[in-house]
Amino acid sequence: MKILFVLISILYAVYCFSSEEDVDSAYLANELEPVEDINSEQYAALEPKEEQERSCADMGQDCKDDCDCCLNIATCNCWFGRYFCSCTFGDYQTCLRKKGKCKRNRPQSCPRSNLNRKKG
């Protein structure tokens, strides 16, 4: 049974390689026509636009202070004092600090966690 399985595997591998070579040689001989994109004319007129710099940084991106981070509860976490700073998750207190300190990217509301509230 094992020998039969090995023989079938070898035959299948040979078949796959030979059919791939046929397609490659037919394409090189221009026997197969390349597929044409129907919408290529639509996108040809559009010029790629340069990405504009965002006013705030997403999580994991470089920052200088808490006001650079996009999320309300995001804080600017720095390694070795002021080096290698990036935006990370903060907490409710971070949001309150940003509300009082930041002029740009100022939080409108600060989300509170439901974990500490008593039920009943």
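Glycine is no exception: its Cβ is also placed from the backbone N, Cα and C atoms.
Per Swiss-Prot, these features apply:
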type     : residues    : note
DISULFID : CYS56-CYS70 : disulfide bond
DISULFID : CYS63-CYS76 : disulfide bond
DISULFID : CYS69-CYS87 : disulfide bond
DISULFID : CYS78-CYS85 : disulfide bond
DOMAIN   : 56-95       : domain 'Agouti'
SIGNAL   : 1-16        : signal peptide
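When the disulfide-bonded residues CYS56, CYS63, CYS69, CYS70 are compared by Cα distance to CYS85 (disulfide bond), the shortest distance belongs to CYS63.
Listed in sequence order, the disulfide-bonded residues from CYS56, CYS76, CYS78 having a Cα within 10 Å of the Cα of CYS69 (disulfide bond) are CYS56, CYS76. Under the DSSP three-state reduction, CYS87 (disulfide bond) is assigned to strand. Secondary structure at CYS69 (disulfide bond), taken from DSSP and collapsed to helix, strand or coil, is strand. Helix, strand and coil content of the domain 'Agouti' (56-95), in residues and according to DSSP, is 7 helix, 16 strand, 17 coil. Comparing local CB density within 10 A for the disulfide-bonded residues CYS69, CYS76, CYS78, CYS87, the maximum falls on CYS69. CYS85 (disulfide bond) is surrounded by 20 other CB atoms, counting those within 10 A of its CB over all protein chains shown.
Distance from the CA of CYS76 (disulfide bond) to the CA of CYS87 (disulfide bond) is 5 Å. Residue with the densest Cβ environment among the disulfide-bonded residues CYS63, CYS70: CYS63, by other Cβ atoms within 10 Å. Counting in whole angstrom, CYS78 (disulfide bond) lies 16 from CYS70 (disulfide bond) by their C-alpha atoms.
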